[in-house]
Every structure is written in C-alpha cells, then in structure tokens.
Amino acid sequence: MSSLIMQVVIPKPAKIFHNNLFSVISKRHRFSTTITTRGGRWAHCSLQMGNEIQTGRRTGGYQPTLWDFSTIQLFDSEYKEEKHLMRAAGMIAQVNMLLQEEVDSIQRLELIDDLRRLGISCHFDREIVEILNSKYYTNNEIDESDLYSTALRFKLLRQYDFSVSQEVFDCFKNDKGTDFKPSLVDDTRGLLQLYEASFLSAQGEETLHLARDFATKFLHKRVLVDKDINLLSSIERALELPTHWRVQMPNARSFIDAYKRRPDMNPTVLELAKLDFNMVQAQFQQELKEASRWWNSTGLVHELPFVRDRIVECYYWTTGVVERREHGYERIMLTKINALVTTIDDVFDIYGTLEELQLFTTAIQRWDIESMKQLPPYMQICYLALFNFVNEMAYDTLRDKGFNSTPYLRKAWVDLVESYLIEAKWYYMGHKPSLEEYMKNSWISIGGIPILSHLFFRLTDSIEEEDAESMHKYHDIVRASCTILRLADDMGTSLDEVERGDVPKSVQCYMNEKNASEEEAREHVRSLIDQTWKMMNKEMMTSSFSKYFVQVSANLARMAQWIYQHESDGFGMQHSLVNKMLRGLLFDRYE
C-alpha cells in the first residue's frame, strides 16, 4: 500500500441542513447559508427557492410506508441480554461436539448441510472446513456409487471453496455419457441433491448441465407421486429457488419450521437455531433503528414526497447481502446506500425534467458544493445528502484502512447517475432499445455498483492498489452480480414501471426485438440469469478478491432473486409475501 495515500485530502461531509430549513422549498424564497464541515471548513452556498414546475411530472403511485419512524424506534427484544449469549455459547459447544463425533460420514455431512440452512454454520466455519478437508477432500470416505452422498459431498465442498471436479458424477451416466442412468429416477433424495449440486456449475461444465436437466425432469414427476411430506416440501422449495441461489438469514426461519418437523431432528441443534435466530433479530432491530434515525434526519422523505419511503425494506436487503454478525456497520451503511439509490432513481424515473436531470448529472460529475447552485431546490437536498454520505464513508475508510477510496466511490456514483440520464433520454425520445443496448446500460443503472464499491473498501482487510483498480474497472464478478440483480428486478417490476411510463425493461426489449410473447421473453431472461450464475460461480472459484467480498457479491444477486422470486415488485409495491418474510425476520420472534 502506498505511503502517499495518507497525504491525500478527502472532502469531509458538509453539515446537513436541518429539516425545518427545507420547509420553505415550496415557497418563493431565496436565502444564503454557510455549511460547516467536520474538519471546521466552511462551504458557502446559496439556495434559490421557487415554485416547482408540476407540468409533465409523473407519479410513482407508491403506497406509504408500513413502518413509520416512531414504530421502528419502539421495537425492542430481550434477546440482546447477556444471559442469552451465555446460553447460546453452551449450545454451540454441544453442537461442536456433535460435529467431532466419530459418526457415519453421511450423517456428518447432513449435519453440516443442516447448520448452513438453519443459519448457524457461522459458529462452526473453522471446524467445518477442517472436517471437509481432512475427511472428504483429501480422503475419500464416501461411496461414489451412491448418488445421494456423492452429490451432497460435491455440493458442500464447492460451497466451502474446495476445487472438486464434475467428473465425480461420470459413474452415474449411461454408457454413451449422453445422460444419467434411468435407474436413478427412483432415488428421490439422490435426485434432489444432484439438482442442488448442479447449480454450483461453472461455464463449460456439461455434466452438471445434464444433471440439472435430468434431475429437474424427474423431480417434477416425483412431486406428483411421492408420499414423504418432508421430502416433498424440500423438493418444492428447491424447484422454486435452489439453495445456491438463496440467501441464508432471510431463509432461516422457514428452514427452522421444516427442520423441527423432521423425524431425525436433533433437539440441541433446533434449540440453538431458534435462540440464535432471536438473538440475531435483536441485533438487526438495533441496526434498523439507527438506520431509521439517519433516514429521518436527512429530511428526504418529508421534502421529496414522490420518493419511496422504504427504509425497512432497504435494511431487509442488507441482511441477506452482509451476513456476518460482526458487520453491523456495513449493514447500516448499505441501508443508507439503498435509500439514496432509491431516492435518486425516483428523481430520474418520476419527477425530474430532462433539463433538471442533466444539471444534476453535471453536479455529480463535478462533485463540489458550488455545483448545488445550479440545481432546483428539491435536488439540492438530494445532492447534499449524497455528497455528505460518500465523503463520510471515504473518510471512515481512510481512517480505518489507510486507503483513499474517494475517486473510486465518486466514479461509482457518477456512473450510476450517467446511466440514469441515458434512460431518461430514452424515455423523452420514445426510444425502444434492443436487448443488447439496454443491458449495456442497465447493469449499471440497477444500482449495484455503488453497493459493491462501498462494500469492497469496507470488507477488504488489506486493500491493494491492483484490486482497487480491478474494482474501479468493474471486475467480472461485479458485472455478474449486477446483471443478475438487473434481470431479477426486471422480472418483478417491469410491468409496473412500464405502466408508469418508464423505458422498456429486458422483458419488453426482447418482446419488441423478437416479436415474442411475454412468457417467451421471461423464459429468455431466466436463461440469461442461469448463464450469468455460471459466470459468477467461476469467478467465485478463481477471483483474487477476498473470499468474503466474493460471497457478498454473490449474495447481492441472491437477495434480488429472493425478493423478486414471485416475479412481482416486492420492494416498491410492498408485496404481501415479502412483507410477511420481512416481519418474520425483523419483528416476529421465533417462539
């Protein structure tokens, strides 16, 4: 790391205006104000207040938030108390003993798999890696003629970043190697694990592609005839969304429900899962309250009534992306990013005129307080909130990591706003882009780049210039994550957005270009998601970035598919199923 880094001066956050100061926005008024920075500097700006032009402005038709500030601040949980932490420590020790017991090899693998699904494997990561390495990677303790055990081992080894070849499945293929053996169709448990394992495939792994097709075909048939209720439930969940595409904590509650119904359930594991869930929920509530206080203090939702007030949903996203318990700072930071991306997106998609949007883009490109002078009042508060936030995050990174992230973070936000402007021009021109033209811009406009850029600098222990530059140029893992995020979002929100007058999304672009039906277009987008996941899987195995940042990048894609899995807008339109999942994770304790 360069010794010159510490000499670089980062512009510190300007003091945010008090909410009452912006109550004059709707009135004809002009005033000057002086803004104090953290370091004692003074930035002088003049705000021109005038009657807002309403003609031609769109409306998002978004519902009010279900979770107001006062309600959020009232949430509290007894599970943040020390006594629960001590009880959990005792249970963790007991489960650790279960892992170390000399039991059947398959039982140990099944326990590891259960711990992951229950959301408690983080307590045993070191032990799990040691077990997988000594028992299942360097030594072959599994009968490779057993499809169930082979597929389960393959899945877990890849999930824990071990390099394992798809060739382990060759013995299950027919003599010609063109498909899997027909004799496997009655092995429902084996087919389910084969199906799950196939989603960890990289580009060019044809055996795993065959495995996916074979397992999918026969699992759909088994659903109609199998009598095992617990197994049927697992199959239905997997066919809906495979484990590799699921986020951990938002799914933990439903898996606890499924686990406690199983005849082979371990009571200690179950009790730990329930206790741990409630303890994590208590932590999440404290983080949400802090993020909500920030959101309320910005005044954005009060002064810009056309934007989505979704701070709880913004926080919910972070629970699937940044999973480690110790990264509360990063979850709160990511919540703020989500809220700012949502606000600016609504400015561009709903309220701003093209002239105003061009002015806003220029101001972001220049990145200084003076640029605010050219903006209409409603944009000034938005600009200043973003300016303050980014500079504060850069300041914290320089303080904590010794690295000046300012130019990298600025570029992420500039690229986002420039992509928004391109889409705004398409809208005003009535332009219908091809799918290729749309994707070239929309993988940026989805907002994943600021998220991953900020997280890179917070989650990388030792930041190397080479990795920062690779991030700056948007490494393939960033592109893959953002592409899945975009496509999943389009599958859920495109109809609502087009009805509001937005530009065509990927589904509509394909329909226009190929004269295809909506279902044909959606099937094509699903295939693009699958192809991009294979790229993502390859990068997860080979990337030079830290393993945790790679995992977080994949989690961003996973969270998008979780939110939009029913192909409806679970964010902007407050879908009832998403609200149920949100309550289940953040507010309703597990009894």
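Note that Cβ sites are derived from N, Cα and C of the backbone, with glycine treated the same way.
Record features, source Swiss-Prot:
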type	residues	note
TRANSIT	1-56	transit peptide
MOTIF	345-349	motif 'DDXXD motif'
BINDING	ASP345, ASP349	Mg(2+) 2 binding site
BINDING	ASP345, ASP349	Mg(2+) 1 binding site
BINDING	ASP489, THR493, GLU497	Mg(2+) 3 binding site
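In this structure, the C-alpha atom of ASP345 (Mg(2+) 2 binding site) lies 14 angstrom from that of ASP489 (Mg(2+) 3 binding site). Counting every protein chain shown, 23 other Cβ atoms lie within 10 Å of the Cβ of ASP489 (Mg(2+) 3 binding site). A sphere of 10 angstroms centred on the C-beta of ASP349 (Mg(2+) 2 binding site) encloses 21 other C-beta atoms.
On the 0 to 100 pLDDT scale, the model's mean across the motif 'DDXXD motif' (345-349) is 95.
For THR493 (Mg(2+) 3 binding site), other Cβ atoms within 10 Å of its Cβ number 22.
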